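Peer 1: Heads up, here are the entries from Swiss-Prot:
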type	residues	note
BINDING	78, 81-82, 86, 88-91, 106-114, 118	5-phospho-alpha-D-ribose 1-diphosphate binding site
BINDING	78, 109	anthranilate 1 binding site
BINDING	90, 224	Mg(2+) 1 binding site
BINDING	164	anthranilate 2 binding site
BINDING	223, 224	Mg(2+) 2 binding site
């Protein structure tokens, strides 16, 4: 059956919402791995439509383990696939955002196309990444941030992980990932790896009714807010999108080069983030401030992006991000001890 859909998209046909749901279910339920890889490659080459993405998201969310949070929360996430091997900026920014008082429910996974995914660097920082919904809620309430490891909350995707990793190129799942937060966070910062995807995802985000506000952006070839150069994005709320162009230097940031944002493996990236949290200035600290400032603004705790950046900068300077990280590590250790005593 998947072969039928593969032939259809090879002929440049577009799938309906229901067909996109069906093809996703086929991929999750034992289709031939070679056909799945071919389908994903052809779909990426042909280009996805907003309707196809929305249908695939629907199929995946129906099979997910959902998390009901009794308060609004925010996620900072990127599509990945920019192949730049930068430090885990969105993960570090999530910790700084939590230090700024924003409840963070971060959804992520291990690396697919980079050296270190969000789950990898969090483990290297000493965080327990596998938490039940109940443990996650306690973590956010006590620490201000929690992490939902994709294989735990989207177990159906485990079957596709080896295929995606074996492809060694970005696929449609890079677009789907940021839209699959199990907590259905009302607020999101979503970075995308190129401008065509920015336009596509802005149309997809308009179809989601559960979100209050989303900031979707692309910056100088990366799925991160950095000071490399101009950032373009969309502020999406109440069924409308507003295009925004941002010059980081207008907020007091110095321009940087891509080499200043480079990371390594998960241990190296954990070390780099800790240095930034401990007061080391530079391009990485600026990127964390930029992203967290946007989070403060989008969440409504600042009236402008400039004010949000000022709050994030002051919070980082005062060492609050490092304190949140230490608190998160302590929570993780206590959780492991609690589990051990129950066995």
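For all residues, glycine too, the Cβ spot is worked out from N, Cα and C.
Looking at the shown structure, what environment does each listed feature sit in?
Peer 2: Counted within 10 Å of its Cβ, the other Cβ atoms near residue 86 (5-phospho-alpha-D-ribose 1-diphosphate binding site) come to 24, all protein chains included.
Under 8 Å, Cβ to Cβ, and six or more positions away along its own chain, residue 78 (5-phospho-alpha-D-ribose 1-diphosphate binding site) finds 90, 178, 190, 191, 192, 193, 223, 224.
For the recorded site, residue 224 (Mg(2+) 1 binding site), the DSSP three-state label reads coil. If you draw a 10 Å sphere around the CB of residue 224 (Mg(2+) 1 binding site), it holds 29 other CB atoms from the protein chains shown.
Under the three-state DSSP scheme, residue 164 (anthranilate 2 binding site) falls in the helix class.
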Peer 1: Give the residue from the binding-site residues 90, 109 that has the most other Cβ atoms within 10 Å of its Cβ, counting over every protein chain displayed.
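Peer 2: Counting every other Cβ within 10 Å of each candidate, the maximum falls on 90.
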Peer 1: What are the non-local neighbours of residue 110 (5-phospho-alpha-D-ribose 1-diphosphate binding site), defined as same-chain residues 6+ apart in sequence with CB under 8 A from its CB?
Peer 2: 117, 119, 120
Peer 1: A 10 Å Cβ contact count, applied to the binding-site residues 107, 164: which residue has the minimum?
Peer 2: 164
